[in-house]
Each structure stands twice: as structure tokens, then as C-alpha cells.
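Student: Copied straight from TrEMBL:
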- 1-20: signal peptide (SIGNAL)
- 106-123: transmembrane segment (TRANSMEM)
- 135-155: transmembrane segment (TRANSMEM)
- 167-185: transmembrane segment (TRANSMEM)
- 197-219: transmembrane segment (TRANSMEM)
- 225-245: transmembrane segment (TRANSMEM)
- 252-272: transmembrane segment (TRANSMEM)
- 284-302: transmembrane segment (TRANSMEM)
Amino acid sequence: MRRLMFLAAAALILPAPACASQGDKEPVYRDCVKNCVRTNCTGAQLRGFQSTQPPYMALTGWTCRDDCRYQCMWTTVGLYQAEGYSVPQFHGKWPFARFLCFEEPASALASLLNGLACLLMLLRYRSAVPRQSPMYQTITAFSLVSLNAWFWSTVFHTRDTYLTEKMDYFCASAVILYSIYLCCVRTLGLRRPAISSMVGVLLILAFTSHVSYLTFVSFDYGYNMAANASIGMVNLLWWLCWCWLNRRILPYWWKCVLVVLLLHGLALLELLDFPPLFWVLDAHAVWHLSTVPVHFLFYSFLIDDSLHLLNTEKPGVKLD
């Protein structure tokens, strides 16, 4: 049992393995890290580092070796810039200026803001929509899955470890798959519950297979991106078709269209992939920041639609 507890704790604080990048391949970077570790991370020097390390750094698992890698990263970046070369990546990531214990301050803040927006709108939804509305439970569950994903996104961008990286990726996939289920329930499941139940089972099996492959076979970033993009495209087309078919019936249909187009359009910001401005703001952070307002429009649609369903759920009235 103690061994299992130790392994669990190690997974939480150990840095995540990353693909080698141009910066960390440089001999000057590797020699710098080797010399720093030999000089500062043994014996009395290590005890001195540990005694002066802020508690929040120790709690988030920052080690003497991590600090050496951080300092040597900036030494290498400085040499690159002095020679007129473009800024390189290190261990699969751009160099970011660390703020307190936050590895990627802007992305962590953006993830937190998304989580807060989701929580605020969930509370507004629950106060505006009676429990009797047909979509109430499904939307509440979707919101909780989303909140969990934004929590792990915040944790991951605060401290990149083996566990936090996996949780960030897996929870993001869970949101995408649950969004398919949400769409299925709204468009088909209210009149044919058996269909949404079967789709739900298939989605659970798909999620289990996806996580198992990434965990036990290969953590393939390209496969993960392709899988999520494919599922997202299905979700996009499904919602758009439903909105088009109901545009004459539902006056708020445009909100749904705008939300799905914004979410998929804003995701293209990831393709920019530029070195962080002021060593803080990169394309990923810009993407996350841009999605914060979308929560308000999305829940506005969900509130309108849930109230509409509640009002039409009467004997002899057909659900849309």
C-alpha cells in the first residue's frame, strides 16, 4: 500500500516526459543543466536550496533540477537571440516566464476564467430553469464534466507533470464526447430515449478505448488531436443541421449556431503557435481567453431552450 501511495505521489509531482525540442538538444543547454545540477543539487548546496525554496514551489513539486533547467533555458534563449536566431522550444514547449509556481501563467489564468464562467452560468441556469425541464439533468451533468476539465486544465498549466498532462487531455476528450451526448439527447433522445441510451454506451466505450490506448499503448499527440477534431466536427455538423431544421420554430436558434461556429473557429488560433509575447501570452493562452465569453452565449441558448421545452411539454404537444 505504501508503495502504491508513493507511486501516486510521484506521478503528481514528477515532470511529464516530453519530446525533445531544438532548445533542449543544444549542447550549451545540456552542459549548463549538468553543471548546475552537479554544483547546486547535492549535499549542502541542495539543503540550502530546499531551505530557501518558497513553500508554494515545494508543494507544487519544483525541484533543484527543475530550477536548473529553468535557468539554463533562459541562458540558451539569450544566446539564440544574441546570435539573431529565432526562439527555440524546450521539451516540446515554448519558454515561459514563471510566475510564482505557475509554469504558464496566462494559460492557467485563462483556464481558471473559463471554469469560473462555466460555474457562474451553471448557477444561473439552475436558478432560471425548473428541475422539471427535460434537459435539466443532462445539462447539469455536462456542466460538471466541463468544470472538471477546466479544473485540470488550470492545474496542468500551473504545473506540467505526468499526471496533470494526462488528466488535462483525458478530461478535454470527455467534454467533447459528452457534448455529442448532449446533442443526441436534445435532438433525438427526448422522443426516442433508447437512441440516446445506446449512443451514451457507445461514447463511454469510445472514451474508455481512447484513454486505454493513450495510457497503455502510446501517448500519441497526433492521434489525440485527430480523434478530438473528428468528434468535434461531428458535433458541429449535428448541431448545425438541427438548428437549420428548427430555425422557423425556435427564435433563439442563432445562438446555438454562433456558439458552435465560434468554438470551432477559435480553435484555429492554436495553429498560430508563436513564441509567447512578453514570455507569457502564446497562441494557446489566446485561444483559452477567447472562449471565456462563449460560455455566456451558450448558457443563454441552453436556458432559452430548456424553458421552451418546459412550456411545450404538455399533452398533445410535440417536442422539437
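Glycine is no exception: its Cβ is also placed from the backbone N, Cα and C atoms.
If you look at the structure here, what lies around each of the features I listed?
Tutor: Long-range contacts of the transmembrane segment (167-185) within its own chain (CB-CB distance under 8 A, at least 6 residues past either end) are made by residues 135, 138-139, 141-142, 145-146, 148-149, 151-153, 155-156, 195-196, 199-200, 203, 206-207, 210-211, 214, 224, 227-228, 231-232, 234-235, 238-239, 242.
Long-range contacts of the transmembrane segment (225-245) within the same chain: residues 172-173, 176-177, 179-180, 183-184, 186-187, 210, 253-254, 256-257, 260-261, 264, 267, each at least 6 residues beyond the stretch ends and with a Cβ under 8 Å from a Cβ of the stretch.
Sequence-remote contacts of a segment are chain residues at least 6 beyond its ends whose Cβ falls under 8 Å from one of its Cβ atoms, and for the transmembrane segment (252-272) they are 232-233, 235-236, 239-240, 242-243, 246, 283-284, 286-287, 290-291, 294, 297-298, 300-301, 304-305, 308.
Long-range contacts of the transmembrane segment (284-302) within the same chain, counting only residues at least 6 positions beyond its ends with a Cβ under 8 Å from a Cβ of the stretch, are 104, 106-107, 109-111, 113-114, 117-118, 120-122, 124-125, 135, 139, 153, 252, 255-256, 258-259, 262-263, 266-267, 269-270, 272, 276.
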Student: State the residues, same chain only, that lie 6 or more residues beyond the ends of the transmembrane segment (135-155) and have a CB under 8 A from a CB inside it; answer 'none' if no residue qualifies.
Tutor: 107-108, 111-112, 114-115, 118-119, 121-122, 125-126, 129, 164, 167-168, 171-172, 174-175, 178-179, 181-182, 185-186, 190, 288, 302, 305-306, 309
